[in-house]
């Protein structure tokens, strides 16, 4: 993916002295391209550190994002500096051998970045279509295998020219040109862009269809599970159920639906974020992969060198803007970025995986009216957590201290309005753990664990109902 320098296409077998460098142009290009490279390097390092330093981001999906950032980091740190020097000087100053190696690394990193987006799109399709089965389908071992396949496939695409699959090299070593051998151009364009693009678009079209269908069900206030014929309302009602098997089965079904609802909402938000990444990828790389085959197969229609340079650097730009997309479209990454940069927010830091609010109806008031005396537990920074365990349709809320020395129980006032904090510690389809406690908990006290019968739960994420 290296463009021609000067009039190399017309005199590739002749050696010319390098043209004098325009100082003002060199300074301007140096500032612009140097700033772009520095931004790309620091941004991708920030993405990697954000995932590495936050345990709640240690998931297979985020490992795929880290792999994308690694490919972009390698491109911006090892390829783009030489591309910038090439552009500023107007000729290649590093010899023929390094030109070939540099071009191969360029193709390797660009292909790995694109294939990583392809893997991410497949991951999002599985996450949105099968939110409860996702942890068993996408395991860490399978994720690692996928990452190895990404780099193996990228290596296969990139090493062809090193073994002679290219047009004859010019005698002038100040010329480092793109490999225009038609067979390799077709092979690399299909493998590096068009096949991954087809998969990406197919996956996101499917994600859009599934998300639209699920969202339509949520907006109507009803949710039907594929494995059951009964419809369950969005707001899950829990009442004292008989000890018989039917009551237990009903409670299990409702718990299943509520967790599925929550997981689907989170997967849909992740798909939106990565959908923006894919959209920017298409806008950045499509012009290059249109221009390159045209110039190779139809030399008479080869675009001017200036046009080729623009679309070439537009493709490079994609590796620099991904770190902007994450914090702008994902609150999760925004908070992680802020923590890494040690930016003090107006709100207290939350170590939760995802903020979750609960609206509760106390048993004594639930029958008097749906909204009367409804207790809202907003998101906060309490230092206690509860685990929800269910027996016969009744949820037990057990309050513990999360102090380092152990888990001491604390007092929860009978007046539930005094409870002012709630946040999620961890979530899986087996349990939900949250931070809940009074405004000024006293971890030193040890009292009987209270049990609260929940008649209605309304789940919300970041202030939005799910």
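Backbone N, Cα and C atoms are what each Cβ position is placed from, and that goes for glycine too.
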The residue range that Swiss-Prot labels transmembrane segment, out of 223-247, 248-272, 273-297, is 273-297
In terms of membrane topology from Swiss-Prot, residue 20 and residue 98: same side, yes or no? yes
Which residue range, 302-317, 318-333, 334-349, 350-365, is the one Swiss-Prot calls motif 'Nuclear localization signal'? 334-349
When you get a sec, could you say which of 144-168, 369-393 is annotated transmembrane segment by Swiss-Prot? 144-168
Its residues classified by DSSP, the topological domain 'Cytoplasmic' (52-63) shows 8 helix, 0 strand, 4 coil
Where among 26-51, 273-297, 305-329 do we find the most Cβ pairs under 8 Å to the transmembrane segment (100-122)? 273-297
A correct count of other C-beta atoms within 10 Å of the C-beta of residue 22 (N-linked glycosylation site) gives 12
Could you give me three numbers for the topological domain 'Extracellular' (90-99), the DSSP helix, strand and coil residue counts? 4 helix, 0 strand, 6 coil
Which residue counts does DSSP give the topological domain 'Extracellular' (169-181) for helix, strand and coil? 0 helix, 0 strand, 13 coil
Contact count check, CB pairs under 8 angstroms to the transmembrane segment (182-205), set 64-89, 144-168, 273-297; argmax is 273-297
